[in-house]
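Peer 1: Got a structure for you, questions after.
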Amino acid sequence: MDFTRSYSPVVYSLVFVLALVGNILVLCVLMRYRTSQTGGTCSFSLTDTFLLHLAVSDLLLALTLPLFAVQWARQWVFGVAACKISGALFSLNRYSGILFLACISFDRYLAIVHAISTGWKRNTCHAQIACALIWTVCLGLSGVDIAFRQVVKVEVGRSGDHQGLLVCQTVFTQSSVQWQVGMPLVNLVLGFGLPLLVMLYCYIRIFRSLCNASRRQKRKSLHLIVCLVSMFVLCWAPYNSFQLAESLKKLGVISGGCQFGRTVDIGILVSESMGLSHCALNPLLYCFVGVKFRRELTRMCKGLLGQRFYPGMKGWGGQRRARRTTGSFSSAESENTSHFSVMA
């Protein structure tokens with residue numbers, strides 16, 4: 001517990017700042033780009049729709065982190081109502097962000113693989129329906145936090161030191177053991193296993209469809225795909241592994257003493273912060289590596305900072321204005337096979 005009180009506040013605060021800045025930039029650039037492309041009416045493309053919801057989800061998740069940083073630095077001082085609401089927001093946006101990542105990979109799969117083979121046409125309405133469905137499902141899952149989140153006192157310090165710390169956590173009663181065991185399994189399937197399978201399938205098919213591209217394009221595509229999948233696995237696999245170990249212990253499948261329990265508890269807290277860092281990394285992975293996003297961000301900075309600050313950023317902005325697109329700022333929405341088409 002002493003380790004947690006020194007580790008968690010620092011990590012949560014750092015993730016909060018990075019996620020706040022990164023996702024606000026994504027939202028600003030997205031809105032500016034769509035407004036400039038449509039002459040004042042904000043009409044989002046398919047990919048931009050998923051990116052918009054992903055940025056909103058990550059931003060809302062980040063806004064809950066200062067509360068939990070204060071909890072571990074001192075204790076929970078915000079009351080039971082805030083505990084339930086912040087816990088529900090935390091779960092809602094953690095689940096939804098991961099599912100939006102799966103939707104982005106599926107959208108890229110349809111845009112590239114099916115556009116090449118069958119001329120598949122994608123409908124923005126489908127993206128809106130998918131996003132509404134994701135928010136609805138995740139809202140239902142967050143109801144567990146509304147029902148079972150409580151402010152409880154836990155012992156801190158070494159044995160014999162009877163200090164108490166108020167924390168906001170999920171507390172299951174004897175009559176709700178099925179929830180205690182079932183929710184980590186739901187998290188493992190819906191919050192990791194299923195999205196990972198979707199991402200692997202879609203990105204493997206995307207890379208195979210780009211076999212006719214140049215060697216340089218294929219190399220960039222492979223690097224990006226490996227980066228996206230590896231970052232997702234590195235961020236969330238440890239957390240889900242510890243959650244699975246805890247569930248198996250409660251079911252009696254594996255046995256372990258007090259030391260095993262403490263190891264799992266610390267592992268969950270540490271690995272959870274690794275998973276939360278994904279909401280700060282998403283803008284880097286899915287937007288800042290995009291040529292169109294960097295170009296639009298450069299133009300926005302030029303307008304805000306003025307011409308004299310702009311020359312040093314000109315090379316960072318990406319390609320020149322030789323080609324004007326009408327699609328997503330984050331990918332080649334013309335559905336060609338260039339290396340940045342696999343980005344969301």
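Backbone N, Cα and C define each Cβ position, glycine as well.
Those TrEMBL annotations? Automatic predictions, nothing curated.
These figures come from a predicted structure and were not determined experimentally.
Below, the features straight out of TrEMBL:
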TRANSMEM  12-30  transmembrane segment
DOMAIN    22-286  domain 'G-protein coupled receptors family 1 profile'
TRANSMEM  50-69  transmembrane segment
TRANSMEM  98-117  transmembrane segment
TRANSMEM  129-148  transmembrane segment
TRANSMEM  181-202  transmembrane segment
TRANSMEM  222-239  transmembrane segment
REGION    317-344  region 'Disordered'
COMPBIAS  325-344  compositional bias 'Polar residues'
Peer 1: Same-chain Cβ contacts of the transmembrane segment (98-117) under 8 Å, 6 or more residues past its ends?
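Peer 2: Beyond its ends, the transmembrane segment (98-117) has Cβ neighbours at 46-47, 50-51, 53-54, 57, 127, 130-131, 134, 137-138, 190-192, 194-195, 198-199, 201-203, 205-206, 209-210, 228, 232, 236, 282, 286, 331, 333, 335, 337, 341-344.
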Peer 1: So which residues does the transmembrane segment (222-239) touch in its own chain, when a touch means Cβ under 8 Å and the partner is 6 or more beyond its ends?
Peer 2: 98, 101, 105, 191-192, 195-196, 199-200, 203, 206-207, 267-268, 270-272, 274-275, 277-278, 281, 285-286, 289, 339, 342-343
